[in-house]
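A.B. asks: Here it is, the structure, as structure tokens.
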Amino acid sequence: MSKNEITITIDGVECRTTEGEYILNAARANGIFIPAICYLTRCSPTLACRICLVEADGKRVYSCNAKAKEGMEIVTQTEEILEERRAIMEVYDVNHPLQCGVCDQHGECELQNYTLELGVDSQHYAIADTLRETKNWSSVLHYDAGLCIVCERCVTVCKDMIGDSALKTGPRGGGSLDKGYKETMPKDAYAMWNKLQKSIIVPSNGTEHTNCSDCGECTAVCPVGALTERDFVYKANPWELKEVPATCAHCSSGCHLYYETRFTSIDNPEEMIFRVKNEWNFQSLCGAGRFGYDYENRDVTKDESAFAQAVKALEKAETIRFSSMISNEEALMLQRLKEEKGIRLVNPEVRPFQRFLAAYAKSSGRSLYGSDYREIMEESDFVVSIGAALRNDNPNARYAFNNVQKMNKGAGLYFHPVGDTLVPTFGKSVECITHKPGQEEQALYLVLDLFADKEALPDYLREYLEGFHETRKKTVKEKVMKEVTEIVKDEETGEEKEVKKKVPEMVEKEVEYDHNLLVEALGADPVA
């Protein structure tokens with residue numbers, strides 16, 4: 001995305017933004033409110049709710065989908081726009097169950113908020129409702145179709161952020177609208193209502209259950225009470241819960257989250273965690289972070305004999321060889337042994353990776369010791385993943401890898417010993433290379449060979465990489481235009497004459513090409 005700064009005017013206020021930014025995001029960044037239900041900041045616009053409509057240079061556009069241009073003048077409220085928005089909210093409220101007092105979204109429901117914000121205090125539309133059954137899509141997901149407003153946030157976040165694409169809109173079987181409404185109500189409200197009557201959210205695999213990673217992000221983004229966590233259904237009112245900011249302890253990513261707590265029950269005042277929330281416009285959670293809170297510490301016994309033998313062995317040890325697959329606590333223990341006992345620590349896997357990090361930093365000017373996934377999603381159009389099984393090992397890396405394909409129309413390389421059917425679905429420009437176990441080092445060398453600035457690499461490394469290249473020959477077919485002579489007889493005079501013309505012909509020829517032995521060793525097509 002272009003980073004050229006431009007100036008636009010919103011409701012008479014001069015605002016700075018970047019060229020190509022959506023008007024909705026530009027307004028939010030400058031503290032100007034435009035209502036929007038279906039839009040998610042890090043995902044593609046769906047135009048499902050249509051209440052974000054504004055006027056840009058005199059034309060009505062949807063601010064979630066229209067991009068800012070230099071000098072653009074935007075008006076967020078006119079009488080016509082407000083009338084359209086109120087009509088849309090009335091449509092959302094038609095047949096919406098009046099169970100707010102017990103709804104799991106009561107107190108933080110966006111349908112409630114926008115109904116009040118837009119001054120909807122009467123109802124001008126009506127249609128017979130149809131039965132919409134509740135479903136348990138998985139062990140953690142509960143879907144109440146009667147509360148669903150088909151904003152498609154769940155579909156969008158699952159596709160553009162998580163990468164599972166486990167949800168889609170399906171036929172609802174609702175009744176047809178009275179044709180008279182088409183002539184009497186605002187056109188966007190009518191179009192949205194028509195879609196609402198026809199659509200519902202369903203698992204994309206055609207079954208009653210979702211085939212996904214159960215991250216629960218769809219429950220986080222749902223603006224109403226349609227999608228909730230099964231463990232939370234009718235357990236507590238959101239307005240009773242106290243938010244406790246915390247950092248997820250399940251892995252080193254340290255995702256920001258909130259534990260929502262309340263007294264356990266009427267007769268038990270002890271604080272209890274009822275659910276986990278996240279700032280879903282900025283941070284996604286995996287299933288462990290969202291659902292891995294309902295556990296307790298237990299006392300365990302220690303094998304005294306084995307522990308004594310381990311202590312005795314450590315007292316005699318001069319060197320400890322260890323694997324990279326250890327926990328943070330185990331790494332701290334090794335560090336203490338090194339500092340207090342002078343024991344040498346040896347990890348044969350680290351040195352090659354250390355060399356790669358140094359070479360990469362020198363040739364690219366960037367460090368790989370830490371990853372800012374938000375920066376990757378905003379700035380990158382090509383990503384490489386080596387060593388981690390994206391489906392499960394590192395959810396944040398997976399989300400970033402997928403988001404680059406969906407939002408930036410990017411490309412990616414994915415190296416792993418285990419084949420994965422999910423990663424190739426992230427985008428058409430994703431190349432998955434399934435190599436043998438233990439070939440990660442060769443994959444890293446290939447990344448340097450393909451993308452590094454060779455002049456910035458150390459001489460020994462540049463020469464080493466050159467050793468993997470061979471000049472080979474292959475036979476290819478090529479279409480050429482061949483000149484031929486034909487004898488043509490003139491129909492009038494009967495005379496014959498020669499006519500030269502060019503016709504296509506396939507010929508074989510031998511060409512030289514650069515053969516990369518690293519590509520061949522990793523199991524990819526060495527000629528492609």
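Yeah, the Cβs are placed from backbone N, Cα and C, and that goes for glycine too.
Pasting the relevant annotations from TrEMBL:
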type	residues	note
DOMAIN	4-80	domain '2Fe-2S ferredoxin-type'
DOMAIN	80-119	domain '4Fe-4S His(Cys)3-ligated-type'
DOMAIN	203-232	domain '4Fe-4S ferredoxin-type'
DOMAIN	241-300	domain '4Fe-4S Mo/W bis-MGD-type'
A.B. asks: Which value does the mean pLDDT take for the domain '4Fe-4S His(Cys)3-ligated-type' (80-119) in this predicted structure?
C.D. replies: 94
A.B. asks: If we skip the immediate neighbours and take only residues 6+ beyond the ends of the domain '4Fe-4S ferredoxin-type' (203-232), which ones have a Cβ under 8 Å from one of its Cβ atoms?
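C.D. replies: Sequence-remote neighbours of the domain '4Fe-4S ferredoxin-type' (203-232) are 37, 40, 103-106, 109-111, 135-145, 147-149, 151, 153-154, 157-158, 161-162, 164-168, 274-275, 277-278, 280, 284-287, 290-291, 294, 391-392, 395.
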A.B. asks: Who are the chain neighbours of the domain '4Fe-4S His(Cys)3-ligated-type' (80-119) in space, where the CB to CB distance is under 8 Å and they lie at least 6 residues beyond its ends?
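C.D. replies: Distant contacts of the domain '4Fe-4S His(Cys)3-ligated-type' (80-119): 35, 37, 49-51, 53-55, 60, 125-127, 129, 146-147, 149, 185-186, 188-189, 192-193, 196, 222-225, 228, 232-234, 237-239.
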A.B. asks: Could you give the number of helix, strand and coil residues in the domain '2Fe-2S ferredoxin-type' (4-80) as assigned by DSSP?
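C.D. replies: Counts, helix then strand then coil: 9 helix, 25 strand, 43 coil.
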